[in-house]
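What TrEMBL records for 655-747 is domain 'DYW'. Here TrEMBL flags 1-27 as region 'Disordered'. Annotation source TrEMBL lists repeat 'PPR' at 60-94, 122-156, 184-218, 246-280, 308-342, 440-474.
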């Protein structure tokens, strides 16, 4: 109907134009023109409005104002300014409309210039400037405008009060509030919300009790304040006293009960609600999700008459947190609409459940779908690249982060830093660290721990010294990194000094992780008695990790008696820890105690412990190639095995002797050599040499500790082929070059 009316008016105006009517337009006719223009603008038909405006026989300031307001409403700021500049005559409304346009487009400097040029100003003009400064955080400028106002109304006072509250100047807000008695209700609510934002529940309640008049916002704000504080008794009392309970009041109570773990009470309130909206349902579903009651959450989700994106995201996140990635993906695929939170949830779900390649595939799909990439999705994608050591793909994600401007921020910058370290690219990690504009404690800790894990202890300690000079206070994680750096590099005296002084110098009390680092430091150096004494002096019972560290050190130094004692303690605490069974079996095998090796196997079976299979992988042309011991499924297996046979001959000529004592089977030496020859890390290294260009390092990852024989073999291989080989196992990195490993065989 509206469109027909406009067309009729247009037809009428066109007819008049054709007749070239010379008589001046009447006020009624001008009013019709302006109404027609306004209708077009409300419908977003700016071109039609302009054609009508151009055809007007006589234009007034109202016509110009209608066009300018329409342009601003439809986001055509430059057209509004052009038309404003062409106006033959402007009234106060014209100036105020344009002033508001500048402010809404965050051009406060131009707004101020326009404000200064105004031939006359009213309270609307002053309030526009005040609110513009306030909304953009320029509180001092807002206060200056307020003080210079020749006339103030309630909007002026409320605007300055809100500016103080929203921008953290709460003391000024309170002083301003006390300077006047007749405040509007909106101001009382604003100040009360300010108290709650600062966790000053008592102050909010005093203000609530003093209010001359309250509305639903007042009651709901106070109820929400008590629920967030965990005081559900007082929240319920206020809820019962509330004269008019709307859907927000009921939902506040449901959310409060769910957030405080009172799910049954939340459900009772939910079922009593006379009217529910999607927020009410989402609060109840979120409560079930938080309590890991996914079946009930799903039933309620399916029963929802109205779902929004948040409803779907809550369910997807819940399934991901419960490691049910299949159900999460099923819901994700059914979503009628997705946002960045949906994508971030499913990407994080895949990453958290170990499906790293699928996480990266979803990241690529998100980008292809046109969804804007945020810090969360970048962090998940980079974490996945780090976990599977997909360096080339990580670099591509890095490139996307640069395009979006997230690269130098702490959140994404730290994720990039960790990714480069975990992919064995130390130089790029250092460049990333330097590029982070404002380094936080996580940045420094990641850098320190990265160097430590790569075995570059001196560089790690250099980072620690730089951190102290930069005035960044170390935390518990920092000191774990420092002690780990000393342990991996054999800096016994330095590590001991840091351990015994960290409480005095940095105020950090050693925790079990710090003690485990010290036991590792002493144990690796063969000072097993000192390590035991340290364990006895600990202010808490030694953890399984501490005993496991002692067991590892005992194996290195051949102390079977101590190893058995440590293993016994670990088996009591963690009967399903397969690593400890393997360590002790290795020690027995080295000593030729095959009966005890058999007993270990029996214990493993009796405890129903499944030994984690070892595997290694290498990235070639953005694809991950995975190998297991004696792998027979890789399409290039024949080529790989032939190359390994060729390498084996060259290695023996170079002095390589297979460590057959590590084979956990009582078989002939020749068979032991054959069993060692095709370990997963050797297969991955061989494939890397065959496929990765000669000018690039070979980066191989293993899910378990690298075995001693492979470590020795890869040293020889690096010398024979003249390549840098970087191996990451479950504990640390090894950089092999020209027959030498960065760990100095101290691992």
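Cβ coordinates come from backbone N, Cα and C, glycine included.
Tertiary proximity for the repeat 'PPR' (440-474) is limited to same-chain residues at least six positions away from its ends with a CB under 8 Å from its CB atoms, namely 410, 413-414, 417-418, 421, 424, 426, 429-430, 433, 480-482, 484-486, 488-491, 494, 502, 506, 508, 732-735, 742-744, 747. Taking the repeat 'PPR' (184-218) as a whole, pLDDT averages 90 in the prediction.
Sequence-distant contacts of the repeat 'PPR' (60-94) (same chain, six or more residues past either end, CB-CB distance under 8 Å): 30, 33-34, 37-38, 40-42, 44, 46, 49-50, 53, 100-101, 104-105, 120-122, 125. Secondary structure of the repeat 'PPR' (122-156), assigned with DSSP and counted as helix (H, G, I), strand (E, B) and coil, comes to 26 helix, 0 strand, 9 coil. Listed by sequence, the residues of this chain that lie at least six past the ends of the repeat 'PPR' (246-280) yet keep a Cβ under 8 A from its Cβ atoms are 216, 219-220, 223-224, 226-228, 230, 232, 235-236, 239, 286-288, 290-291, 293, 304, 306-308, 310-311. Each residue of the repeat 'PPR' (308-342) gets a DSSP state, and the totals for helix, strand and coil are 26 helix, 0 strand, 9 coil. Look at the repeat 'PPR' (60-94): DSSP puts its residues at 26 helix, 0 strand, 9 coil.
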